[in-house]
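Annotated features in TrEMBL:
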{"type": "TRANSMEM", "residues": "20-39", "note": "transmembrane segment"}
{"type": "TRANSMEM", "residues": "45-75", "note": "transmembrane segment"}
{"type": "TRANSMEM", "residues": "95-119", "note": "transmembrane segment"}
{"type": "TRANSMEM", "residues": "139-159", "note": "transmembrane segment"}
{"type": "TRANSMEM", "residues": "166-189", "note": "transmembrane segment"}
{"type": "TRANSMEM", "residues": "238-256", "note": "transmembrane segment"}
{"type": "TRANSMEM", "residues": "277-297", "note": "transmembrane segment"}
{"type": "TRANSMEM", "residues": "309-331", "note": "transmembrane segment"}
{"type": "TRANSMEM", "residues": "343-361", "note": "transmembrane segment"}
{"type": "DOMAIN", "residues": "444-541", "note": "domain 'DUF6449'"}
Amino acid sequence: MTSAKYFSRWFREAGRSHLVSVLSWGFLSLYMVMTLVDISADSEYVFFGLGSMELCILCTVLGLAFSGLEFFYLFQVRQQDFYYSLPVKKSTVFFSRYIHGLCQFFTPLLVTQMLLAVYEAVNIRNFTPYAGAYLARSVGAALLVFLIFYHTGILAVVISGKIITAVAALVLFLLYFQVMIQNIFYGYVKEFYLHFYRIPLFDEAGKLLAPFALAKSLMGTGIYDCKEVWEYEPKGSAVLAAFLWAGVFLTLALLVHKERKTEKTGRAFVSAWAERVVEGAVSLLAGMGFGILLLDMTQVKEYGIAAEVLVIGVCGIVGACGGHLLIECLVWTQGSGLWRRKWQMCVVSVCAFAAGCMFLANKTGFDNYIPKREQVAEMAFCINGIDMSQRQFGRAKTEDNSVTEERLLWYSMAEEESIDEGFTWVQGVLNGGDSKVTTATVCYRLKDGSRRYRRYPLNQKALDSFANVYETKEYKKRAYPLIEVKDVKKGQITWSDGIDERMLGMSEREKEALLAAYKEDVAGLKMDDLKTDFPVGCMEIISEVDGIYQEAMIYPFFEKTLKVLEGAGVDADKSLADYKIASMKVQTSTPMSKGYSGGVNVHFYDKENDIAQWSKKLIPDNLAIQPLLCPVKPYVEAEVQVEDEAVGGIVVVDCYEMEGGVE
């Protein structure tokens, strides 16, 4: 009778193990089938291992699910009594469940990945040389992702006596560092530091200490080029972080499991030190979070440093004590008091206050930071509103950092002249006044490989003084890359005035003369010249040899270039007013106060007089490339329908109203 009873318990527990097998083989097999279909349909942008977001998500979900299923017996008193009545050690039971879950994941992963690798190698010949290495890296990365979440889930289960506590602990482990860095640390930085743009140390920590970001880094999910994915190797820092994350969490789980008592099942936490750590971590987060929330809501920085210190101190104490008492209420048991561990509550409150004060104390040092000249290898610049379209300028003003990052990569200067001028300019910016007209983002790449970012507010004087940097040879190479081209004799040249495009039939000698004239015009260009007028058109060159594309804006003061173009039949004086316009729609946007809607007026014009008047005030949007130096009215946009007489159709041209136009 006893044997039958034990067999029934064993069978029910084995059913949970069977569920692990079904989930693993079922989901990975389904993933394999769906990936095979996708590879057959679109082989260039479908990846079965590295580069696959689907596999990354699947490894994450299976890791969390297996940790709960394999160690669910820790929530069942009878099941623990049964296991611990067997003539084996507790650690043997633990590792038997652990290895079972690990094998049930690794075996189907390896089988499905091998089948997918063979299929892709047979169907895509270019993949064959990469197949073996890509397969090995894919399996290794997927296994690391699984282990991160598997071990995290195991620790959450082992320290908890209730399912709801395990879920809460799991959420805390997965999101704690991400919230602390992205919301708390960056919150203080944005609140205190005037010249903040990015802090690479925080960025890297946010990737390595946040499990979801670390998993995506290991799997290379942000890459879409097939060759880059096939050659992708996770960074050493990401691999090391994954091993440390998995190793530390498994070690902690083993330590708690060794001391775990069956009679503590049903309590919130089965370990006193685990309860203390969770309580302290939540209290610290609450204290610092409450501080940054109140600082942001009250704008207390207008009242000086003393007021900021007061808010940080009060919020640190109130928030930390509130978080501490909240956890105490959740874990309260009969006979224990809510005000126990007073010293821990005091220590955490002081830590929350001290952390906020550390950010505040570094304010002056951060904002006035300029590295020593001999430490700098490169400087990169992005001036919002110079050499960018009006739409890019609008995105940059809304803190869309993609525009800034793109320009920092492109406008990176390494020559001595450029760096010297950049240093002189930054020092002038730090000593400048208020009346901000735009912002400048500067990246200092130091000789030790590290980077420092600062974003400076610019007044009109600082903006004008940037001309010394703009007019250096290296900056012009970035802003006008055509001057780096040595030969365009085999290139096809196209002229566009923002409305119409035409290919130019030019001899090799004329192309050489055009390139030489353009280089001379750019060499003599001054930044102040850009304030005088908009470009008259754009010259596009496509090499017939290597397919390289170059684009160059042509200004009215590029006299030598225009002379050669006019000889090739270009009418540089032709503007929107010289085309036959069928109709136009003009939209005027007026900013409205919060809580109000509307503010947009739309007018349609099809009469000749109205069209003639408006056509003289509009500029095609692709020619509005100096929003600060030669601005347009961004709140007045127009869609102009121009008749294309060559094909008998309509060309729609997006335009802005030029500054100085008549309403």
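Glycine is treated like the rest: Cβ placed from N, Cα and C.
Remember, TrEMBL labels are computer predictions, not curated facts.
The recorded stretches the transmembrane segment (343-361) and the transmembrane segment (166-189) share 3+ CB pairs below 8 A when only pairs 6 or more apart in sequence are counted, and are therefore in contact. Two recorded stretches are said to be in contact when at least 3 C-beta pairs lie under 8 angstroms, sequence spacing 6 or more; the transmembrane segment (166-189) and the transmembrane segment (95-119) fall short of this definition. Below 8 angstroms of C-beta separation, residues 13, 16-17, 19-20, 23-24, 27-28, 31-32, 34-35, 38-39, 83, 97-98, 100-101, 104-105, 113, 116-117, 120, 134-135, 137-139, 141-142, 145-154, 156-158, 160-163, 166, 170, 212, 215-216, 219-221, 223-224, 226, 229-230, 232, 260, 265 of the same chain, each at least six residues beyond the ends of the transmembrane segment (45-75), sit close to that stretch. Of the ranges 20-39, 139-159, 238-256, the one with the most Cβ pairs under 8 Å to the transmembrane segment (95-119) is 20-39. Beyond its flanks by at least six residues, the transmembrane segment (238-256) meets 91, 94, 144-145, 147-148, 150-152, 154-155, 158-159, 173, 207-209, 211, 214, 217-218, 270-271, 274 of its own chain at Cβ-Cβ distances under 8 Å.
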